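Visitor: Pulled from Swiss-Prot, these are the listed features:
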- GLN13, GLN17, GLU69, THR70, CYS118, CYS121, HIS122: heme c binding site (BINDING)
Amino acid sequence: QQSKPEDLLKLRQGLMQTLKSQWVPIAGFAAGKADLPADAAQRAENMAMVAKLAPIGWAKGTEALPNGETKPEAFGSKSAEFLEGWKALATESTKLAAAAKAGPDALKAQAAATGKVCKACHEEFKQD
């Protein structure tokens, strides 16, 4: 049975909340605003897993739903680029997990790279 568009919208909203909950403590540390999360490596691994699963939440048919925050191009003319953004996030999050295991300086450096991937996708595909 195919998922209803409304269910996919809820799924993607949940996936984005999960990413945020895992990322914010790491980003706070990287910015010097919070202590190093003891579970930083696990958080980064969780982010990579979510990034690999996330595209299922952006299936065609969900682009016009109310409360969707994604620009229509992500579903159409730029869908390949949008999917590449998720792949990039999965890659950078995997690197982030390795960096967390290597130490605080490595984590800070990789957090900057991971954050750039997030920012680029939001700038390109998130509605204002």
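Each Cβ is built from the backbone N, Cα and C atoms, and glycine gets one as well.
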Visitor: Tell me, by DSSP, whether CYS118 (heme c binding site) is helix, strand or coil?
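Guide: Going by the DSSP assignment, CYS118 (heme c binding site) falls within a helical segment, counted as helix.
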Visitor: Taking every protein chain shown into account, which of the binding-site residues GLN13, GLN17 has the largest tally of Cβ atoms within 10 Å of its Cβ?
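Guide: That would be GLN13, with the highest Cβ count within 10 Å.
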Visitor: Return the count of C-beta atoms lying within 10 angstroms of the C-beta of CYS118 (heme c binding site), excluding that atom itself.
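Guide: The answer is 20.
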Visitor: The record lists GLN13, GLN17, GLU69, THR70, CYS118, CYS121, HIS122 as binding heme c. What's the largest Cα to Cα distance among them, in Å, rounded to a whole number?
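Guide: Looking at GLN13, GLN17, GLU69, THR70, CYS118, CYS121, HIS122 as a set, their Cα atoms extend up to 16 Å apart.
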Visitor: If you draw a 10 Å sphere around the Cβ of GLU69 (heme c binding site), how many other Cβ atoms fall inside it, taking every protein chain shown into account?
Guide: 13
